[in-house]
Amino acid sequence: MANNPVGVDNTFRKKIDREEFLQRARERERLEQEEDERRRSKGKGPPVQRKPLKQRDYEIDLESRLGKTQVVTPIAPLSQQAGYYCSVCECVVKDSANYLDHINGKKHQRALGMSMRVERASLEQVQQRFELLKKRKPAGSFSEKDLDERIQKQQEEEEERKRLKRERKKEKKEKEKAALQEQEDVDPDIAAMMGFGGFGTSKK
């Protein structure tokens, strides 16, 4: 301090206490280690086993409130607000497309205790499913006999259409012939004099 020039004040400089800062650093390291151990202990627990995805066994009601008016207040409970209410996730979705996305989404399925993986079906399960669907088929269902009858009916209708078309064509030809015959019966000089010599068909 004695070699400082006269009039210069160096007292504003901060005095560093090494012991104090070392103690703070050790304390910070200890807290970080405790936090890491806490995180690791949380992550080390057994993984949650979720059920595979299953087909819904209920109908989704999207049309019951369609076209109805409703007074919406900000203090109303979520289930009475405008939109589609999900009781599992306790949220309101504004339209049907987003509601379907929500109930088919990961968050909703997890809340139901299901993963997004589908169970792989075995050959026996597929065969059982086919048998079940065959039994569920109504008695008056489609058969080969029905197919033959429908084909025959279609062919008959086609034949009828062709016959009507031929008849119409024939009638048209007969009319044209009759008109041409009438035109030939009239004397061309008299027709030209009366002013209707050009009326008739262009066909000869």
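Here the Cβ of each residue, glycine as well, is placed from N, Cα and C on the backbone.
TrEMBL lists 25-56 (among others) with the feature region 'Disordered'.
Look at TrEMBL and you will find 25-39 (among others) tagged as compositional bias 'Basic and acidic residues'. Within the chain carrying the compositional bias 'Basic and acidic residues' (25-39), a Cβ under 8 angstroms from the stretch's Cβ atoms is held by none of the residues 6 or more beyond its ends.
The domain 'U1-type' annotation in TrEMBL covers 81-115. Helix first, then strand, then coil: DSSP counts for the domain 'U1-type' (81-115) stand at 14 helix, 8 strand, 13 coil.
Per TrEMBL, the feature region 'Disordered' maps to 137-204 (among others).
Annotation comment: TrEMBL describes 143-155 (among others) as compositional bias 'Basic and acidic residues'.
In terms of DSSP helix, strand and coil, the compositional bias 'Basic residues' (163-172) has 10 helix, 0 strand, 0 coil. Feature annotation from TrEMBL assigns compositional bias 'Basic residues' to 163-172.
Annotation source TrEMBL lists compositional bias 'Gly residues' at 195-204.
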For the compositional bias 'Basic and acidic residues' (25-39), jot down how many residues DSSP puts in helix, in strand and in coil. 15 helix, 0 strand, 0 coil
Mean pLDDT, the domain 'U1-type' (81-115)? 88
